[in-house]
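Only one structure is covered here, and it is reproduced in the block below.
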Amino acid sequence: MSYAYQRFYRGPIEAVIFDWAGTTYDFGSMAPIRAFQNLFAEQEIPITLAEAREPMGTEKREHITRILNMPRVREAWREKYGALASEADIERLYHAFVPMQIEAIRECARPVPGLMETVAWLERRNIKIGANTGYNRDMLDVLTDIAAAQGYRPASNVCATDVPKGRPYPHMSLKNALELGVGDVRACIKVDDTLPGIEEGLAAGMWTVGVTTSGNEVGLSQEDWTALDSASKTVLREQAQERFRRGGAHVIIGSVADLPAAVEYIERWLAQGHGPDTTGLAGVTLTAAGVSLR
């Protein structure tokens, strides 16, 4: 004889695991961009905004490696230095990058509008809060100190250098879940503004929420975003939404201010016996009012 059974988690959301830059702090994820562009400018190989943003979400040494492997940058480096970038070059660049990144973090460390209201909403529902990042520990310590002084204190903070592999591997989110004491990964939501961050959450077996307006996929500072006309905002927002749909995000929101609607939507799915791996649930777009724009 053989037996098979299927378990469904039908309980509430227990934890939300946030990304940092572009999701909860630093609207537009500008600090990494400043640091990467400054780093390559010092090498006399300027990189574009698009080149700096493409690997966003990955661990920063890996981010540098991926930029160096871009065809245009690879050939520019060969022309400038007579050979392709070596492991020693990558290590040198990374050590030069760290202080640049820390300085940029200090300059850009402001909460995304709506963060504290959303945190208060989560706390009222006894939902635990964790966070992870592609920053290393020195970078993260600077950011968490600033955030704590402003009232944002995730109970678990994990950085890419704390685990064997960063995004898109699930290690950081799983470490967050362990530290938060979560009973089932299906009771967790990973919130991120990058596609590697969404892949991380999916690989961890969690629900995922993609963030468009405040994050890397739109890629504008708050001031530049505010200055756009409504038609331009719609185009950029819809382009970002489509990338998150293709990347498998379960729910897509504009910013952390919209997260309560996403949590309630996911809890309705859970009550119906659905899980993060249920076919056909990805790609729902929500507003703060909870209206589905799918």
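Note: Cβ is positioned from N, Cα and C throughout, glycine not excepted.
Swiss-Prot has this to say about the protein:
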ACT_SITE  Asp19  active site, nucleophile
BINDING   Asp19, Ala21, Asp193  Mg(2+) binding site
ACT_SITE  Lys60  active site, schiff-base intermediate with substrate
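Sequence features, as recorded in Swiss-Prot, placed on the structure.
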{"residue": "Asp19", "record": "active site, nucleophile", "DSSP class": "strand"}
{"residue": "Lys60", "record": "active site, schiff-base intermediate with substrate", "DSSP class": "helix"}
{"residue": "Asp193", "record": "Mg(2+) binding site", "DSSP class": "coil"}
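Between the listed recorded positions, namely Asp19, Asp193, the fewest other CB atoms within 10 angstroms of a CB are found at Asp19.
Same-chain residues that are not part of Asp19, Ala21, Asp193 yet have a Cβ within 8 Å of the Cβ center of the Mg(2+) site turn out to be Phe18, Trp20, Gly22, Thr23, Thr24, Asp26, Ser29, Met56, Gly57, Thr133, Asp192, Thr194, Gly197, Val211, Gly215, Asn216. Taking Cβ-Cβ distances under 8 Å and a sequence gap of 6 or more within the same chain, the neighbours of Lys60 (active site, schiff-base intermediate with substrate) are Pro32, Tyr94, Phe97, Val98, Gln101, Gly134, Tyr135, Asn136, Met139, Ala160.
With respect to their backbone Cα atoms, Asp193 (Mg(2+) binding site) and the residue listed as 'active site, nucleophile' stand 7 Å from each other.
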